[in-house]
């Protein structure tokens, strides 16, 4: 990921690319039935990911690989192929996110997505996705994203610096990972 980011910066010379065609810019400003198109895109992505992860053999295979890749391989599942498809799916989702971001900002820069990396990991952990793999639900992820967006909006309204917000996200992530590592029932017995 860092290699590709470096190549992006080299090609673009670190500057933003702007002045996109109108059909890209209208994505952010268009409403369908009074609902903003980016929200409809988000709901469509959530629905598709729910079907893929919860209702398909491919989704079950992803969970199995997350739980124990070696055992999944020994049970006859082509884990390499599945992992490649997961990366392809992840890339497709990144393209959708980039298009939405380009339509909102009317520019693209290699460093634009860096600020979302920490938030993505935090949303995954808050949403109940186990960092060790094998567990997690789409609904939990959506609820975590809604919670984080509400918190960020509240902090923006209060005039809190974006740097403090990022520090808060990092602190929350560390706290949740720490609490996950502690067996709370043993802590209360002492």
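Yeah, the Cβs are placed from backbone N, Cα and C, and that goes for glycine too.
Check TrEMBL against the ranges 32-53, 54-75 and you find transmembrane segment recorded for 32-53.
Counting only same-chain residues 6+ beyond the ends of the transmembrane segment (163-182), those with a CB under 8 A from a CB of the stretch are 115, 118-119, 121-122, 125-126, 131, 148, 152, 155.
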